[in-house]
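Beneath this line is the structure, given in structure tokens, with notes to follow.
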């Protein structure tokens, strides 16, 4: 046997105390490191190579800013909020991530999936408060200032804040819900960072995330159809929203606005064509075509001078105020209402940000700190929630654009924020006449990547059938029930798949590869030779309480011997032999006792040793240890030795603690082997 190293055991109490002393100690150097770790910009900005980086950062920042403005205005439809709040969100998220993020390339800001999750909570709370979701009051065009934007939904809602009763209209209440939800989600993310709970993201597999994004994309697409064709239908809430919405669409299809339909068709053709050309010739283009901005500018001019709202009753964005609204603390009472909804929002936001950060870090050969990313995203939600913003996350499409346009650092994020600031201060009122159907077209075309996942289903199925099933289940639950339920269903189902795979794993008898010391599955490979009088059994999973019965059934089936059943049969036979019925001979079938005994054993038991290949058994629980002890005892009754091979150290320790080798481990050398071949040779040498 190999000699095990002696590990010095340190009590967990001492380790905990040492960590606490280290954490609680205070020195100027430690304070400096803490501040610089919390604000990574203090480390890399002084080393910024201006001549080398500035051009790429400025170009990518301008391009992202140009893309960000129309997307922010469009995604406000998903969130059920006014466009100004989307612009606030995009501005503050870029600034805060610049200070706190560790990824050089990720674009953090408004994201369609997060906007949808926010919008679903906002719509639900508006309904519960008695507001009409379809009461779209178009404010009269004015100078676009915040002071003149005073029109509210006709319903008001009273709630208590700081001991005062506050009367709130629809828009006020909607942004109050959104900021409360965002604040709580940010607090969750910061707490997850403090307690180092980033491992939660490990339970969101790629299949679950892809399925969740695709299912949510179907929901987003469905929600935008009414704007595409200009019909007014009730905004569905709760489970089955997708089906109910489509039913309402087909019931009201005759009311479609011809102007909106024509505009949508033209915009989709232009956007898709430009995207396809951009993808085909991206190696020749220095930066992506700003198609969304061009479409919005042209559509706004046509709508304004053609008076599409007045003549054809086409729905428009309405007045977007300029400047900043004074900061406001999110209402605590509203936080309590949305505390549960904030948890999936926090997890999804963090997972998308970290996965994109890791993707960029791997591609460009640098490292990120996942825990700091959680803090960065958390404060990208907490701080902006005081400034009438809603939840943010990293966005894949904008991140890819960023990397393709020469981005080097998060200075590009500051440039993008400046572009948004320019719109906030001066240009926002110019979008008054912009049709909502144009914004819906921008949203739908941006979903191309997620919807294209359906084309990958055959290849995904060919690669892994279980992962494909997880993807299909997650897509179906996210689209047909709700996004949050879909995420939960996807996580639970993927974990159940793992449990089922360990409950019913592959089990096989092994044969020897000719002229070698190696052994493989006899059912999978040709020209393997069986070892006389020896059975070699492999179980490809941990042995624990959930798969104990399957382990035993597989062992009995493959070795063609169930010791308990055989022992019971022999016991019954011996009983009948000793007490024969009247008219029967003293020995069965007229044979002698010795002949009868020989007839019971040889044809069924054709081996003298059972070798268990434990190379695939990663751990044993108490049930697993007891199962092996039972096998040892049961087979010993038939003079069959049980030998263990290729056990890892943790399995050996479990067996020792469970008393498998006896009290003094004296028989360990005859029961445990470090290779299958050694165990086989030992079995052959036995009498």
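Keep in mind that glycine also has a Cβ here, set from the backbone N, Cα and C atoms.
Record features, source TrEMBL:
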| type | residues | note |
| --- | --- | --- |
| TRANSMEM | 53-77 | transmembrane segment |
| TRANSMEM | 106-122 | transmembrane segment |
| TRANSMEM | 173-195 | transmembrane segment |
| TRANSMEM | 207-229 | transmembrane segment |
| TRANSMEM | 249-273 | transmembrane segment |
| TRANSMEM | 334-354 | transmembrane segment |
| TRANSMEM | 375-397 | transmembrane segment |
| TRANSMEM | 409-427 | transmembrane segment |
| TRANSMEM | 471-500 | transmembrane segment |
| DOMAIN | 524-683 | domain 'STAS' |
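Each residue in the domain 'STAS' (524-683) has a pLDDT score, and their mean in this model is 84. Within the chain, the transmembrane segment (249-273) has long-range Cβ neighbours (under 8 A, six or more residues past its boundaries) at 225-233, 291-292, 295, 299, 308, 312-315, 435, 437-438, 440-442, 444-445, 448.
Ranked by Cβ pairs under 8 Å to the transmembrane segment (334-354), the stretches 53-77, 173-195, 409-427, 471-500 are led by 173-195.
In this chain, the transmembrane segment (173-195) lies in contact with the transmembrane segment (375-397); the count of Cβ pairs under 8 Å, excluding pairs fewer than 6 apart in sequence, is at least 3.
Here the listed stretches are 53-77, 173-195, 471-500, and the one with the most C-beta pairs under 8 angstroms to the transmembrane segment (207-229) is 471-500.
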